Amino acid sequence: MHGCSLQKQVSVMSMNLSAKLDELQRGDRQLETTVALCEIRTQLQELTKSVESCQSEVSEVKRDMVAIKHELDTVQQVKEEIEELREYVDRLGEQSHRRKLRLLEQGLTFFLSYAILAAVLGMLQFGYNTGVINAPEVNIENFMKDVYKSRYGEDIQDDSVKLLYSLAVSIFAIGGMLGGFCGGMIANRFGRKGGLLLNNLLGIVGAVLMGCTKLSQLYEFLFLGRFIIGVNCGLNTSLVPMYISEIAPLNLRGGLGTVNQLAVTVGLLLSQVLGIEQILGTDEGWPVLLGLAVCPPILQLVLLPWCPESPRYLLITRQWEEEARRALRRLRASNQVEEDIEEMRAEERAQQAEATISMMELICSPTLRSPLIIGVVMQLSQQLSGINAVFYYSTLLFISSGLTEESAKFATIGIGAIMVGMTLVSIPLMDRTGRRTLHLYGLGGMFIFSIFITISFLIKEMIDWMSYLSVVSVLSFVVFFAVGPGSIPWMITAELFSQGPRPAAMSIAVLINWMANFLVGIGFPTMKNSLENYTFLPFSAFLAVFWIFTYKKVPETKNKTFEEILALFRHGNGRSMEETSVSKETDVSGMVESDQKL
């Protein structure tokens, strides 16, 4: 526009100048030459000003063009940086996938098997002391009557004896609460392995006290011994799953976590077999039966010192990288441990903000509240399912259903045998089917057979063979417990949390587990007297609630690193977490298959 205006001005001025010159040449008018030249000079000055103004505007336009070009160059540079970042993120994703594939290829080594065997002796101790008090109930009650009479010169009432026996049963759970609550602190202070080694001292003291009960003629020794062994078992239930989950390879974490429950069931079966009358279930043999609890801690004191400390504890909690590498090389039987180290570092980066987290911080953390609730409810689903009513009082349960005392004791042994068998079956299923799926199957089956138990109790007087239906229903109830609820709550609590909050989370979850254990142990006899044939209906209601909660809220943790599990809770919870993780899991599975084909 400015160019056109300038051109027009020049044309007009040129025409005026030409006209003035023509007039001068023609001399048509008597104009003074000086006046004409002044007019020409004036027009030339105006033209000069217009040209200068135009040059100034052209310069401004040039500056604007340079600024625009600079901005375009900046935009192009940012675009190139974004592309580089995208490529970097893609490379990181590919490296993460390749690292995970290599982690999924790790196998079971001799030394890893040895370390797990040494560690799970603590869970064998837990199983043994859970079941050992069951079979010699009558013998222990007779001993209490004799001691009371010799001490006070009069017979004790039957109700008081029952109360004392219930105290002997349930004080074990009180000790378990204390031990479970201290588990996280012990794990952080002394390490997972160090905590287990120290804990064996409690196991030895508790077992010796129980074994000396009859010799000392003090049933208080039984209570004190059961309490101390309860503290020992509470610590074991916190430390052992933590240790195993931290040393296990990614693809074997579920199956090896189930070994916890296998050890519990083996201990349970061992206590039931040794508790029959033909072996140690006698007035003379029951102190030996209880005192044999000294064997697992002594054996663990011999075996565990040769095992390494948890590499995660060494690297993340203690920052001892070289010691962590040495531990991993022994556990993996390989010098190639960089994938494991990098996976631990990724976990450390993901939870750096929660590096040293206390129980109150854990409870108040919005990010960790959801996994904490899931961990607590999973523990309650184990204890309030009614399984401990079966473990503690199965002999009494079978007698009330119509079996003879001897048959009831053998049926109780059947419970232990089925638990061992089904736990062995669930080990390979854990990393194939998944934790969530197995837990749903287990809770669903327990719900159905708890209803059958109630039905068989109701009509056992009318139909003779109903007593056998109640036995079959109880055994089936135990089968489905072993499929999922027996092992998964211990394992999944350790899986749901990263290294920082894991000890505090395990302490809270185990405390809740033992509290529920105590309530069932102390309350079941009263509940049975009040509800009689309807005793299992409250457990049926709990099982239904837990099944719905698991279906709605619990994510699948199979083949997921601790970092990936932590990421699930940052983007939501429950079914949404399950759905968002399906596509990722499918991608990984596809990569595994293609890698295997190659």
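Backbone N, Cα and C atoms are what each Cβ position is placed from, and that goes for glycine too.
TrEMBL lists 44-95 with the feature coiled coil.
Sequence annotations record features per position, and here TrEMBL assigns compositional bias 'Basic and acidic residues' to 578-587.
As annotated by TrEMBL, domain 'Major facilitator superfamily (MFS) profile' applies to 115-558.
Annotation comment: TrEMBL describes 578-598 as region 'Disordered'.
The feature transmembrane segment is assigned by TrEMBL to 108-128 (among others).
Residues or ranges marked as transmembrane segment in TrEMBL: 163-184 (among others).
The transmembrane segment annotation in TrEMBL covers 196-217 (among others).
Sequence annotations record features per position, and here TrEMBL assigns transmembrane segment to 223-244 (among others).
For 256-274 (among others), the entry in TrEMBL reads transmembrane segment.
Residues annotated as transmembrane segment in TrEMBL: 286-306 (among others).
Annotation source TrEMBL lists transmembrane segment at 386-404 (among others).
What TrEMBL lists as transmembrane segment is 410-429 (among others).
The annotation transmembrane segment is assigned in TrEMBL to 441-459 (among others).
Taken from TrEMBL, the feature transmembrane segment covers 465-492 (among others). Within the chain carrying the transmembrane segment (465-492), a Cβ under 8 angstroms from the stretch's Cβ atoms is held by residues 237, 241, 245, 253-254, 257-258, 260-262, 264-265, 374-375, 378-379, 381-382, 385-387, 390, 394, 397-398, 401-403, 411, 414-415, 418-419, 421-423, 425-426, 429-430, 435, 438-446, 449-450, 452-453, 456-457, 459, 509, 513, 554, 557, all 6 or more beyond its ends.
Sequence-distant contacts of the transmembrane segment (504-527), counting only residues of its own chain at least 6 positions beyond either end whose CB sits under 8 Å from a CB of the stretch, comprise 162, 166, 169-170, 172-174, 176-177, 179-185, 187, 230, 234, 237-238, 241-242, 357-359, 361-363, 368, 371-372, 375-376, 378-380, 382-384, 386, 388-389, 392-393, 489, 493-494, 496-497, 535, 538. The annotation transmembrane segment is assigned in TrEMBL to 504-527 (among others).
Marked as transmembrane segment by TrEMBL: 533-551 (among others).
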Contacting positions for the transmembrane segment (533-551) when only residues 6+ beyond its ends and CB under 8 Å are counted: 377-378, 380-381, 384-386, 389, 436, 439-440, 443-444, 446-447, 450-451, 453-454, 457-458, 524, 527, 575
Outside the transmembrane segment (163-184), six or more residues from its ends: residues with CB under 8 Å to it: 129-130, 133, 137, 140-141, 144, 195, 199, 202, 219, 222-223, 226-239, 242, 359, 392, 503-507, 510-511, 513-515, 517-518, 521-522, 525
Outside the transmembrane segment (410-429), six or more residues from its ends: residues with CB under 8 Å to it: 131, 134-135, 255, 258-259, 261-262, 265-266, 268-273, 276, 390-391, 394-395, 398, 403, 438, 471, 474-475, 478-479, 481-484, 486-487
Interface-richest range of 108-128, 196-217, 223-244, 286-306 toward the transmembrane segment (256-274), CB pairs under 8 Å: 108-128
Contacting positions for the transmembrane segment (108-128) when only residues 6+ beyond its ends and CB under 8 Å are counted: 196, 199, 203, 229, 232-233, 235-237, 239-240, 243-244, 247-249, 252, 256, 259-268, 270-271, 292-293, 296-297, 299-300, 303-304, 306-308, 330-333
Residue numbers, six or more beyond the limits of the transmembrane segment (286-306), whose CB comes under 8 Å of its CB atoms: 114, 117-119, 121-122, 124-125, 128-129, 132-133, 136, 139-140, 143, 193, 196-197, 199-204, 206-208, 210-215, 222, 225, 229, 232, 267, 271, 274-275, 280
